[in-house]
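A.B. asks: Pulled these features from TrEMBL for this protein:
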type: ACT_SITE; residues: CYS125; note: active site, proton donor
type: BINDING; residues: LYS22, ASN23; note: phosphoenolpyruvate binding site
type: BINDING; residues: ARG101, ARG130, PRO131, VAL132, ASP133, LEU134, ASP315, ILE337; note: UDP-N-acetyl-alpha-D-glucosamine binding site
type: DOMAIN; residues: 8-416; note: domain 'Enolpyruvate transferase'
type: MOD_RES; residues: CYS125; note: 2-(S-cysteinyl)pyruvic acid O-phosphothioketal
Amino acid sequence: MDRIRIIGGTPLKGTITIGGAKNAALALMPACLLTDETLSLANLPHLVDITTMANLLAQHGVGMILNGDAANGGHTGRVLELTAAEITNTTAPYDLVRKMRASVLVLGPLLARCGQARVSLPGGCAIGTRPVDLHLKALEQMGAVIELEEGYIVAHVRGRLKGAHIIFPQVTVGGTENILMAASLAEGETVIANAAREPEVADLAHCLVAMGAKIEGIGSGTLHIQGVDRLHGAHYSVVPDRIETGSYAVAAAITRGDIELVGARFDLMESVNTILTECGVLVEETPRGMRVCAEGRDIAGVDIMTEPYPGFPTDMQAQLMALMSTSSGASMITETIFENRFMHVPEMTRMGARINVHGASAIVRGSAKLSGAQVMATDLRASVSLILAGLAAEGETIVNRVYHLDRGYERVEEKLAACGARIERLKATAAE
Ligand SMILES: CC(=O)N[C@H]1[C@@H](OP(=O)(O)OP(=O)(O)OC[C@H]2O[C@@H](n3ccc(=O)[nH]c3=O)[C@H](O)[C@@H]2O)O[C@H](CO)[C@@H](O)[C@@H]1O
Ligand SMILES: C=C(OP(=O)(O)O)C(=O)O
């Protein structure tokens, strides 16, 4: 397995281009199953998760054409044309679903278009148990008959799905996305109350509208969807990745550097920027995106609690913990979304961070210096948080098991190195 080697201590300066959002793209791609016409997605990030979703869609019968953007070396701004002229297979197999939980997002579209679907249960993952019971209950309310057989969700509906009044007892991003897609082709009106307001959900809703769906309340906690008989093709550009933006904002802050994040959507960064500003970091909007500067600044400890959007994102919790480890005060970080999302703590502790976990809260006592160490990445955001800690640490840090990182960060070493970071990927040898 590849490893990342970092020699820390250099304040990062320069520009980093932000790509399309992984979590938006993973919801937009399965939307192609709702129509026999072509859905063309621009600004698609180049990530392992996107390839996994493409492989899953291909085995459902989706034809795909990828147009690389030569001007950017074929890396960023890719355009993917997806055509589900005919759905040849309604099973999402375990081998693909287990690689990526977002695979469950084919369930709603398959059921709406084909009246049946057989999707492997995603199972738990490193950060929590992550059941999909709320997706299933909502689809049942829409008339689907669902059974669990041999680890698979086996669903069918007689005729079309029917509009329903769905009240999610807990905010669920994937649940809202699955129901949005299913409801777009259902008979009658669906109301989703306590819907997720994440920008990636809004991105999906805007794309569905471009495909002919009738959705009101986009971006709010109540969505009204008037089902239509058919959807058509569309061309849609994926929203910039706010978690990638936030991760590189922390890279600037933790190294006391100065980075412009080109293409970032400042308006989607409010909760993260509020915390960074409270810490003492300068964050400002620029004509091209946003600038984050911590040069010569003292970072203060602040308390953070993860919440659904517009609250502070759980996907930024580990990165902020790395920053808080280098602050001059104490902070309390409370994780309210996932029950097991502190796996970066023992690894950061190996680098000299002073962190104690009590239930859902971690007390971070800032320390002046982190020191390089061998650490193990356990999940996507934990991986990037260890890289961030390594950038600030004295000496050499080796982050092992970085395959998680490639799920969600495109060319991370290249982007950081362009700002002066001493970072390289150590490729796995054939014997490993
Ligand atoms: C691909 C993608 O977009 N992933 C994001 C998405 O994950 P994902 O869509 O899986 O997260 P959810 O918003 O659904 O999960 C939120 C909480 O609700 C619980 N829950 C969810 C569904 C359900 O049927 N039953 C249930 O109990 C989950 O276990 C979790 O504790 O939103 C999370 C919360 O912002 C982010 O961290 C992930 O990066
Ligand atoms: C938890 C994440 O992704 P996923 O939902 O795909 O596991 C993430 O992006 O941080």
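One-based numbering along the chain as shown.
The backbone N, Cα and C atoms fix where each Cβ goes, and this holds for glycine too.
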A.B. asks: Here are some binding-site residues: LYS22, ARG101, ARG130. Which one has the most Cβ atoms within 10 Å of its Cβ?
C.D. replies: LYS22
A.B. asks: What count of other C-beta atoms do you get within 10 angstroms of the C-beta of the residue listed as 'active site, proton donor', across all chains shown?
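C.D. replies: Excluding its own Cβ, the number within 10 Å is 15.
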A.B. asks: So if I measure Cβ to Cβ from ILE337 (UDP-N-acetyl-alpha-D-glucosamine binding site) and keep only same-chain residues at least 6 apart in sequence, which ones fall under 8 Å?
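C.D. replies: Once residues fewer than 6 apart are set aside, ILE337 (UDP-N-acetyl-alpha-D-glucosamine binding site) is near THR306, GLU307, PRO308, THR314.
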A.B. asks: With every protein chain in view, how many other Cβ atoms are within 10 Å of the Cβ of LEU134 (UDP-N-acetyl-alpha-D-glucosamine binding site)?
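C.D. replies: I count 19 other Cβ atoms within 10 Å of it.
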A.B. asks: Please list, in sequence order, those binding-site residues from ARG130, VAL132, ASP133 with the Cβ less than 6 Å from ligand 2.
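C.D. replies: From ARG130, VAL132, ASP133, counting a Cβ under 6 Å from ligand 2 as near, there are none.
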A.B. asks: Would you kindly give the Cα-Cα distance separating ARG101 (UDP-N-acetyl-alpha-D-glucosamine binding site) and the residue listed as 'active site, proton donor', rounded to the nearest Å?
C.D. replies: 8
A.B. asks: Would you mind ranking the binding-site residues ASP133, ASP315 by how many other Cβ atoms sit within 10 Å of each Cβ and giving me the lowest?
C.D. replies: ASP133
A.B. asks: Please list the recorded positions from LYS22, CYS125, ILE337 whose Cβ falls under 6 Å of any atom in ligand 1.
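C.D. replies: From LYS22, CYS125, ILE337, counting a Cβ under 6 Å from ligand 1 as near, the near ones are ILE337.
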A.B. asks: Compare all C-alpha positions of ARG101, ARG130, PRO131, VAL132, ASP133, LEU134, ASP315, ILE337, the record's UDP-N-acetyl-alpha-D-glucosamine binders, and send over the largest distance in angstrom.
C.D. replies: 22
A.B. asks: What's the CA-CA gap between ARG130 (UDP-N-acetyl-alpha-D-glucosamine binding site) and LYS22 (phosphoenolpyruvate binding site) in angstrom, rounded?
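C.D. replies: Pair distance, Cα basis, whole Å: 19 Å.
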A.B. asks: Write out the long-range same-chain contacts of VAL132 (UDP-N-acetyl-alpha-D-glucosamine binding site), meaning residues 6 or more apart in sequence whose Cβ is under 8 Å from its Cβ.
C.D. replies: VAL104, LEU121, PRO122, ILE153, GLY174, GLY175
A.B. asks: Distance check, please: Cα of LYS22 (phosphoenolpyruvate binding site) against Cα of ASP315 (UDP-N-acetyl-alpha-D-glucosamine binding site), rounded to an integer number of angstrom.
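C.D. replies: So the alpha carbons of LYS22 (phosphoenolpyruvate binding site) and ASP315 (UDP-N-acetyl-alpha-D-glucosamine binding site) sit roughly 12 Å from each other.
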A.B. asks: Radius 10 Å, atoms counted are CB only; among the binding-site residues ASN23, PRO131, which position scores highest?
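C.D. replies: Counting every other Cβ within 10 Å of each candidate, the maximum falls on ASN23.
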